[in-house]
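Features of the protein shown, as given by TrEMBL:
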{"type": "ACT_SITE", "residues": "185", "note": "active site, nucleophile"}
{"type": "ACT_SITE", "residues": "356", "note": "active site, charge relay system"}
{"type": "ACT_SITE", "residues": "387", "note": "active site, charge relay system"}
{"type": "DOMAIN", "residues": "49-106", "note": "domain 'Partial AB-hydrolase lipase'"}
{"type": "SIGNAL", "residues": "1-24", "note": "signal peptide"}
């Protein structure tokens, strides 16, 4: 399976490289007046606020600065277009997965994108971004293009620094003392890290709803993840700190170029998504595929991918492994410490799919035994539900949103209009 997956990825890369010379000025991140005439869906070239406005939703862009100077764009939909009631309190924070951005919550369109669905249910919705994405590629001191140190981060930093800064900003802006949290994959991972490594921030969340939570990855069978391990784990310490899979890079440009074509989107690009995780027949619309590759992959650091790879190899949810000697200097132990999930005393919900080969159900079941205040561990009833379905499926409104809404409603109250 791994060999065939590698052959397919290599073939796709060769096809991408053949067309490298065709890419140019059309990749500036804004809507071109003639975008649709060039074959690109308007939504694929839209940023978050533009995408929301395409469907009549009012969205705001806010700027958050972390303790170590990373500048993150965070978006807000204060009231969904189809909200007919009073806005519920507290605000809701929605966080994306690995190599994604806030745009992933819009890509499935207003009938299925969780940013649309949650805001339409009358929640004050905030949608975050982490360092290393195209919405988090700035720093008050470091230049991402010239300063290698900019890329010296992984999910530990996102959980310890990015997420607390975003939470503080939202609470300050809204006047709320707490918020509700929805995190997908990496978005769930950084919540667990934040609760383990910071003081008081976990208590600023009333309930945390975690979709396909990427904590321990012992049983992952995802072909790209398994291929990533021999590439990034041994080489990252040697090559230094690097940006990888960025928006505007060869892979993203090529994917967006090819996948704008309806036929390729429904065949080659659909197969590429299936390689990332697994296949759920009919779940992701061809139009969604045409749109999402305009925003994916969104970029991260090589160190972050190496960190994921280390966790797969160790089969543990533990901190970055620098090697025995440096570990003793950093941690005081030869082995990196485990993250302390026992510190998470707030209500937690886990939602997962049986057909998710990236975050395997056995790892979710293990996670459920580690959490002191687990409210529910819910398996999506659609047995073919995959990892990426959580963002891109046309069926989110009937598969996962009812469960999300159930708990958000239970831990919310009506506020002002």
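Placement of Cβ uses the backbone N, Cα and C atoms for every residue, glycine included.
Note that this is a predicted model, so its numbers are computed, not measured.
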Taken over the domain 'Partial AB-hydrolase lipase' (49-106), the model's mean pLDDT: 98
Pairwise Cα distance for residue 387 (active site, charge relay system)/the residue listed as 'active site, nucleophile' [Å, integer]: 8
For residue 356 (active site, charge relay system), the number of other Cβ atoms found within 10 Å of its own Cβ: 28
DSSP-derived helix, strand and coil totals, residue by residue, for the domain 'Partial AB-hydrolase lipase' (49-106): 10 helix, 22 strand, 26 coil
Intrachain C-beta neighbours of residue 185 (active site, nucleophile), sequence separation six or more, cut-off 8 angstroms: 97, 98, 211, 212, 213, 214, 358, 359, 387, 390
